[in-house]
Amino acid sequence: MPGKPKHLGVPNGRMVLAVSDGELTSTAGSQAQGEGRGSSLSIHSLPSGPSSPFSTEEQPVASWAQSFERLLQDPRGLAYFTEFLKKEFSAENVTFWKACERFQQIPASDTKQLAQEAHNIYHEFLSSQALSPVNIDRQAWLSEEVLAQPRPDMFRAQQLQIFNLMKFDSYARFVKSPLYQECLLAEAEGRPLREPGSSHLGSPDTARKKPKLKPGKSLPLGVEELGQLPLAEGPCGRPLRKSFRREMTGGAMNSALRRESQGSLNSSASLDLGFLAFVSSKSESHRKSLGSGESESESRPGKYCCVYLPDGTASLALARPGLTIRDMLAGICEKRGLSLPDIKVYLVGNEQKALVLDQDCTVLADQEVRLENRITFQLELVGLERVVRISAKPTKRLQEALQPILAKHGLSLDQVVLHRPGEKQPMDLENPVSSVASQTLVLDTPPDAKMSEARSISPCRSQGCLPRTQTKDSHLPPSSSSLLVEDASSSTGNRQTCDIEGLVELLNRVQSSGAHDQRGLLRKEDLVLPEFLQLPSQRPGSREAPP
């Protein structure tokens, strides 16, 4: 019956996973109403919530999945959560949260200690030269001037953002991680939890020894092959099968996952839904692999790439095999409102050459990359009847962006006029490139100044020899090349008519001289028979024999 735990004949100390999905859902729903989203920041004011089917004293690990606030109240749970964040390279979030907790406990009258702790927190987590910077948005940035008048709640907004980031992002992955599943299984079997950071669960002294059997005897039904612990007992007193225990474990975990998915995800912090969906699918495949006894390769955590965005913030991207760098960054750029074609990707420390986005993203595992935004606009060259695409850094001015195209055509800034289509007023070349992003500009020249390519067209182009032009355009970016090809086809009427007769004569001449060898052309006039092959009458200096 919903609302009461199913005892199943399990002893009091082992009733960790014997709970139905409906109980977890109802408990989570009532708890969600009692706990405000991100409203309780201090660990001393975290709500206790309604009664839980898990006793926090006897089953503390199972209670960690109830809520993020309950996890923070347990020192052991907070230590395991910190260890999990270290593996994800984001331990600075929980470290910053704990530092803010200690800072709020300082009395407001103790201005000296407040100033010292505020200085330490700011320069370690919030300044532009911080050793462990946290990921907060621009609205929560603080200047160093606020340290002159410290208050116990001066970091409340920043702590709230990090709290929401951990609650709706990191905590969701923690309850699905193999680390939490190990702790949950150890508690279900009665084994002591290992210390966070060690490699084995339980100590060798406290672990039970394998039962010794007499000759001819076998282990009873339900006891694991390694003989560490007997399994939970069923209603008839017989131990439950290992597969049934796994089903109970999976059921409790699925209940916790469903409860987490029912919560609100409208957080002010960054939350990559596509990334969470992938983590959920990885957790599901890991659970299935445990149930079927397959390899443990699915449970291995993937490697991440640290991505520094143009606005100064950072994000973690999972480097999955089989995905390109373009696919890995597509979700981050879409979430931040960035156009991926206008982004250049550089390795931190090697910013001379941009990375190719079509290679496998596993090359960036455990690496740091920096994204630089590029401003693109189209420039219509009136003298050439051509449209080119220009990409430049946002910090550049218009005259700096136009310098390469002007140098290519042999022009200077004094000989051109830049304006928008339909306007005659020239634009100020000192304006930044960001002011003309995604626009089309017109580059006009006075009548006395002509572009070099418009004045001196190569004979090959005037005769319509397209292979050389295509070879030149093939080195340009695809967008530029396509634009150039379109302009070339649109200006066909300005070209000179090809000499068809001369072209036919040239083709005939090429066909007639098609047979070559190393000695030259093989023509009939050039064929000379060797002397030993000639007839006696054809040999030079030969006389006819008398009749």
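Backbone N, Cα and C atoms are what each Cβ position is placed from, and that goes for glycine too.
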Of the residues S199, S295, S299, which is given the phosphoserine tag by Swiss-Prot?
S199
Out of T27, T56, T249, T395, which residue gets the phosphothreonine annotation in Swiss-Prot?
T249
Restricting attention to the region 'Necessary for interaction with RABGEF1' (300-427), give the mean pLDDT.
82
Cβ neighbours of S143 (phosphoserine) where a neighbour is any other Cβ within 10 Å:
9
